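K.L.:
After the structure tokens below, expect a handful of questions from me.
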Amino acid sequence: MRLLSHIACLSLALSLNEAGKGHEHHHGAALDRCKGMEMDAIALNEHGVPYFFKGDHLFKGFHGKVELANASFAELDEHHHLGHVDAAFRMHIPDAPEHHDHIFFFLDTKVFSYYNHTLEPGYPKDIQDVFPGIPDHLDAAVECPEEDCKSNLVIFFKGDDIYHFDVKTKKVDEKVFKGMPNCTSAFRWLGHYYCFHGHDFSKFDPMTGEVHGRYPKDARKYFMRCSNGEYTTELFKNHVEREKCSRVHLDAITSDDGGNVYAFRGHHFLRVEGEKMHADTIESAFKELHSEVDTVFSYNGHFYMIKDDKVFVYKIGEPHTHLEGYPKPLKEVLGIEGPVDAAFICKDHHIVHIIKGKTLYKVDMQANPRVPSKEIPFTRFKYVDDVMCGSDGVRVVVGGHLYHFESIMAMETAKHDPEPKSVPQELFGCDH
Ligand SMILES: *[C@@H]1O[C@H](CO)[C@@H](O)[C@H](O)[C@H]1NC(C)=O
Ligand SMILES: *[C@@H]1O[C@H](CO)[C@@H](O)[C@H](O)[C@H]1NC(C)=O
Ligand SMILES: *[C@@H]1O[C@H](CO)[C@@H](O)[C@H](O)[C@H]1NC(C)=O
């Protein structure tokens, strides 16, 4: 990774110059990305969480503390003792299963391929053997899938040389990206392409290298949550826009005592506070859970998050801390075998309603042990994605449809389904 010779990061007392490459290590305790930092490499992991590499350290997600990179990727250290990664990217090509979701690291002349934090057999290899035509000692790399680049490409950066590498044909196209700074790391996030240089970044067109709009911008304001700042940056607006109008079914939905709504979908969640909306990865806020929760309900200042046959319990409020001793088996916590479809508690009550297939169970959270006290048939819907209950009634989410009932009693006894509403419009204020 090219390090700009004029950057002196006094707080770290590091000498970040070309000659100093690889020598600025073991100051992890002092590494604070909020003071401004030029990253060596950025890549998503297989859960879509961004990893920022700096020296022999690693930042996972947009906030949180630094870790030693070798704790997650041991061999990077063993093989080279270089203490830094030149470039990294995550291959995301479902029709290339041997590489799909692998993270590739570039160190000097070598390339490492990791899956699930495990080095693939035969790696490290020479860059030439895996990416013929691509030079050693790279500065940055980023994947560009078919949907953005017409074919599945990896874009490599070295100085101002740009290479489009076609994953399938292995053809290399040298490009000239006029008007773009030399990137020290590059990153695809939510369908956009970012070149990082110094403390700043620029958004670019992966085909032409054109930079539109007012760049560079300070990476700390967009890619790192440094103050208790809001994610009201352009980046998260894009994300929020995409999530709030998405028609992909929700996994889970709940609201907290303050009336804020939390919606979970795949690897992401949205928090809706009145007019304000935040989006983030589940992995970064609910690390232990990773992704793809089945249902979530709130009780007594905590989220109960059910995934398969396990229950994760997080304190509501930033950061969401995971309660010790969890996850626990669902059977132990609520007396029911997983998986379940939906679980919800109405405000000021302590009865959790659990829908599993065609049965609705009621479990008293104050009982000990907790076991279903009542089982009633639930046949109104063929299936439900999740159910949320608030002071103004019960909302049932079935695919893109939302059904509103005045109360649980009304849901159980209503003769007809209420008129379905659109999930994105009703819950997230999507206007189309
Ligand atoms: C990681 O590196 C640190 C120092 O850089 C070393 O003390 C530690 O033993 C290494 N851990 C592993 C798992 O290799
Ligand atoms: C990932 O690695 C962990 C331990 O390193 C293992 O338990 C798990 O089964 C692996 N998952 C996959 C999908 O290979
Ligand atoms: C970008 O890289 C080229 C070498 O490829 C170098 O000549 C040029 O000075 C670099 N520009 C900046 C602004 O560092």
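Yeah, the Cβs are placed from backbone N, Cα and C, and that goes for glycine too.
The repeat 'Hemopexin' annotation in TrEMBL covers 82-134, 135-179, 180-226, 290-337. As annotated by TrEMBL, signal peptide applies to 1-19.
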K.L.:
Quick check for me: are there 3+ Cβ pairs below 8 Å between the repeat 'Hemopexin' (180-226) and the repeat 'Hemopexin' (290-337), leaving out pairs under 6 residues apart?
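P.N.:
These two stretches do not touch.
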K.L.:
For the repeat 'Hemopexin' (135-179), how many residues does DSSP put in helix, in strand and in coil?
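P.N.:
Computed counts for the repeat 'Hemopexin' (135-179) are 4 helix, 21 strand, 20 coil.
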K.L.:
For the repeat 'Hemopexin' (290-337), how many residues does DSSP put in helix, in strand and in coil?
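P.N.:
Going through the repeat 'Hemopexin' (290-337) residue by residue, I get 5 helix, 20 strand, 23 coil.
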